[in-house]
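Undergrad: Quick one: structure below, then a few questions.
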Amino acid sequence: MQIFDSVKKQKVAFEPIKSGKASIYLCGPTVYDDAHLGHAKSAVSFDLLRRVLLELGYEVKFVRNYTDIDDKILKKMSDTGKSLEEITQRYIASYEADMSALNVMQPDIKPKATQCLEAIINYIQKLVDKGVAYELKDGIYFDTGKDARYFSLSGKDNNTDLIARVQSNDEKRDEKDFVLWKFDDKWYESPFGRGRPGWHSECVAMIKQYLSNDGEYEIDIHAGGIDLLFPHHENEAAQCRCAEHKKLAKYWMHNGFIKVNNEKMSKSLGNSFFVKDALKSVPGEALRFYLIASHYRAHFNYSQEDLFAAKKRLDKIYRLKKRVLGVSAGTCEPNFKASVLEALSDDLNTSKALASVDEFVKSANDGLDLDPKNKALKAQIAANLEFITRVFGVGAMDGFEYFQFGVSDDEKAKIKALLDERTQAKKERNFSKADEIRKKLNAMDIAIMDTAQGTMWEKI
């Protein structure tokens with residue numbers, strides 16, 4: 001498999017530290033607000049990577065963290081009067097619900113920073129002991145001047161605009177130096193004094209705790225949004241070099257921005273489009289399809305028109321799924337599977353891979369039109385659809401349930417009552433009443449289909 005390494009700035013062959021195994025760490029959200037589409041893009045992109053590696057036969061260990069102690073969370077506490085736990089638990093639950101809607105696989109481990117304080121403190125202590133951290137009146141700082149390879153990850157330089165992203169403090173030895181531990185009597189005990197961890201000290205310690213390897217690298221792949229490359233990932237890598245005398249990750253992968261009106265989408269810019277808002281207009285899988293249809297490294301401008309176009313492509317997959325309802329899957333068509341995996345093995349070339357999916361859907365429908373009772377064809381189509389679900393994470397729903405999107409629970413209850421009434425009418429051979437109920441449902445924009453599995457319905 002070929003992946004784009006952000007450090008080498010080119011595609012390279014993925015050769016894991018341990019043959020047949022892949023360790024991946026993805027920077028998760030800071031939980032002070034609902035997830036926006038930028039968070040979703042990152043989660044879905046690297047969920048796709050994980051799925052592809054699994055399909056290729058790798059054993060994957062996947063960790064995604066929660067930053068649940070941070071300046072932004074403290075500001076939210078101040079603004080709302082709520083506790084740290086109230087805020088973080090609310091937004092972790094919100095994020096989890098969004099990820100479930102997007103059919104993102106659960107990480108193997110999803111640590112919170114507050115659960116890893118001992119590991120974080122020990123990591124900072126190691127940096128202090130090695131003489132690469134120093135104390136100021138407001139906290140413990142990392143001395144970037146002690147790391148000869150600082151900037152080697154991002155390829156940046158002493159650009160003033162970039163350095164401005166690092167928290168300022170006139171007493172720092174160098175403007176690039178960053179805080180490891182912030183003194184604050186309200187928080188946690190440590191050998192340095194009461195306080196809380198700095199953002200950059202959290203992820204590197206969690207990687208050490210959950211994914212560490214002997215040898216030259218801690219993990220195979222460190223992933224996240226391209227906006228994290230500097231300073232966050234640069235600072236993580238610097239700490240690992242100085243504390244462990246090794247590289248944090250063998251490969252670094254970054255997804256691109258989602259823009260709104262050609263500006264990067266972010267909470268700080270106030271132009272966030274939340275996942276929960278997008279999910280009001282389309283099913284979660286349609287949003288997922290939209291996000292993976294563009295290459296993970298591409299920056300693209302959010303468009304509702306493109307979102308609906310993505311849903312129409314997904315609709316075709318589900319309409320095909322309905323045509324093989326109740327069919328047991330046979331064997332996936334080898335050439336189709338090979339074409340998809342070949343494209344995805346080229347740095348997740350989803351455009352090419354999804355073109356193969358579109359071609360399969362068309363040819364499958366053509367085949368069923370010619371021979372609708374061909375059991376072998378139906379079994380192969382069902383197997384191909386299962387493969388699509390495993391790899392792309394779409395097509396997992398019941399075919400009819402997918403087309404019930406937008407129907408309220410009250411409406412579903414009314415529809416069920418009418419269908420039950422129709423079933424009873426048919427049992428009593430009162431076919432005129434059954435037809436009347438069908439017409440009544442059609443007037444409600446509900447289409448019904450009698451199948452071996454029972455009467456199914458969908459929103460027209």
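Positions of Cβ are set from backbone N, Cα and C atoms, glycine also.
Just lifted these from Swiss-Prot, have a look:
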- C27, C203, H232, E236: Zn(2+) binding site (BINDING)
- 29-39: motif ''HIGH' region' (MOTIF)
- 264-268: motif ''KMSKS' region' (MOTIF)
- K267: ATP binding site (BINDING)
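For each feature listed, report its degree of burial, its nearest neighbours and the pertinent distances within the displayed model.
TA: On its own chain, C203 (Zn(2+) binding site) has Y25, C27, N65, H232, E236 as residues at least 6 apart in sequence with a Cβ closer than 8 Å to its own Cβ.
Sequence-remote contacts of a segment are chain residues at least 6 beyond its ends whose Cβ falls under 8 Å from one of its Cβ atoms, and for the motif ''HIGH' region' (29-39) they are 66-68, 70, 72-73, 75-76, 87-88, 91-92, 94-95, 98, 199, 225, 257-258, 264-267, 272-276, 278, 291, 302.
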Undergrad: For the recorded Zn(2+) site, enumerate neighbouring residues of the same chain (Cβ within 8 Å of the Cβ centroid of C27, C203, H232, E236, site residues themselves excluded), in sequence order.
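TA: After dropping the recorded site residues, what remains is W199, H200, E202, V204, H222, G224, L228, H233, N235.
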